[in-house]
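Copied from TrEMBL, the annotated features are:
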DOMAIN    2-154  domain 'Aspartate/ornithine carbamoyltransferase carbamoyl-P binding'
BINDING   Arg55, Thr56, Arg105, His142, Gln145, Gly270, Pro271  carbamoyl phosphate binding site
BINDING   Lys83, Arg175, Arg229  L-aspartate binding site
DOMAIN    162-308  domain 'Aspartate/ornithine carbamoyltransferase Asp/Orn-binding'
Amino acid sequence: MKHLLSVTDLDAAAATALLDTADRLKQALLGREVRKLPTLRGRTVITMFYEDSTRTRVSFEVAGKWMSADTVNVSAKGSSVGKGESLRDTALTLAAMGADCVIVRHPASGAAHRLAAWADRDRAATGTDTCIVNAGDGTHEHPTQALLDAATLRDRLGSVAGRRIGIVGDVLHSRVARSNVFLLATLGADVVLVAPPTLLPVGVQQWPCRISHEIDAELSTLDAVMTLRVQAERMRGAFFPSAREYAIGYGLSDERAAALPQHAVVLHPGPMVRGMEIAPSVADSARSAILAQVRNGVHVRMAVLYHLLAGAPE
Ligand code: ASP
Ligand code: CP
């Protein structure tokens with residue numbers, strides 16, 4: 001694996017290998033007083049975020065540090081991006097400073113793919129073989145989120161294959177939804193997207209999933225339900241009448257959580273808007289795996305860095 005740009009670059013074997021590595025790293029660190037493996041000593045990992053982030057940016061930094069890499073964070077605010085420097089010049093500058101891996105989040109769909117193409121083309125000029133990881137590009141993809149969600153489903157349900165997973169809410173603006181649909185389908189899950197027609201993207205009928213507009217018709221059949229944040233910052237116009245009406249139509253309330261099978265798991269990629277897409281009592285309930293997702297995020301990102309920078313283990 002040269003870069004991680006899209007879950008569609010991963011077949012079931014490659015995705016499972018990443019999840020297995022994440023599991024092994026988790027086990028290797030369990031109970032250790034000093035959470036430090038020497039695996040990536042001397043490697044430089046740079047996060048370059050043009051959009052806000054708590055989980056992804058911090059967990060990549062922690063993942064790199066736990067594997068002894070040198071980690072550096074760059075955000076658009078405070079960098080020379082503010083003086084008009086382009087994405088390409090910024091990335092090439094970081095590569096020329098010896099970045100072995102650049103992890104990028106950007107509001108433009110396709111930004112990580114462009115960076116990877118430049119990194120490959122300009123390898124000789126920058127003097128570094130830099131790999132690129134997509135940490136969220138516009139409304140397109142968020143591959144490490146889908147991997148950590150799959151890791152969490154494996155932990156909680158024992159397997160992903162054959163499980164029915166409902167993804168509910170603002171699919172239109174969600175890179176998490178797209179990455180999850182494609183990765184979960186690759187891993188053999190049966191995925192149903194539940195959203196109002198206004199919050200579904202053009203072409204969704206070609207995705208490997210079923211579409212529903214009725215959350216209450218789906219709940220009793222689900223092994224897991226993933227609620228999506230309503231991405232207000234990406235909305236130009238009104239996609240539903242009001243927050244209250246959205247919550248009535250699609251929010252995961254106590255009553256809806258009670259309609260799930262007993263074993264079913266609740267996921268949310270975060271950040272949550274409590275009370276709108278998910279009731280606080282459901283987010284904090286025993287069936288919620290939301291903080292387990294965050295914990296798995298560190299191990300999955302360790303695995304991604306490991307496979308990219310040290311090669312997949314035998
Ligand atoms: N944090 C995720 C993302 O950046 C989900 C969200 O913000 O709603 O895509
Ligand atoms: N889930 C997720 O990507 O969270 P952040 O936006 O906080 O990184």
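Heads up, residue numbers simply count up from 1 along the chain you see.
Cβ atoms here come from the backbone N, Cα and C positions, even for glycine.
Note that the structure is a prediction, hence the values are computed from the model and not measured.
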Query - For Thr56 (carbamoyl phosphate binding site), nearby residues of its own chain (Cβ under 8 Å, 6 or more apart in sequence) - result: Arg105, Ala135, Gly136, His142, Thr144, Gln145, Gly297
Query raised in the report: Hey, what's the widest CA-to-CA gap across Lys83, Arg175, Arg229, the L-aspartate contacts in the record, in Å?
Result: 32
Requested in this report: List nothing but the largest Cα to Cα distance in Å, as a whole number, among the residues Arg55, Thr56, Arg105, His142, Gln145, Gly270, Pro271 that the record says bind carbamoyl phosphate.
Outcome: 16
Report task. Taking the Cβ of Arg55 (carbamoyl phosphate binding site) as the reference point, list residues of the same chain whose Cβ is under 8 angstroms away and which are at least six residues distant in sequence. Result -> Pro269, Gly270, Val294, Gly297
Query - Three-state secondary structure, which DSSP defines for Arg229 (L-aspartate binding site) - result: coil
Query - Extra residues within 8 Å (Cβ to Cβ centroid of Arg55, Thr56, Arg105, His142, Gln145, Gly270, Pro271), carbamoyl phosphate - result: Ser53, Thr54, Ala135, Gly136, Val176, Pro269
Report task. To the nearest whole angstrom, state the Cα distance for the pair Pro271 (carbamoyl phosphate binding site) and Arg229 (L-aspartate binding site). Result -> 7
Query raised in the report: Under a threshold of 6 Å between Cβ and any atom of ligand 1, which of the binding-site residues Lys83, Arg105, Arg175 are retained?
Result: Arg175
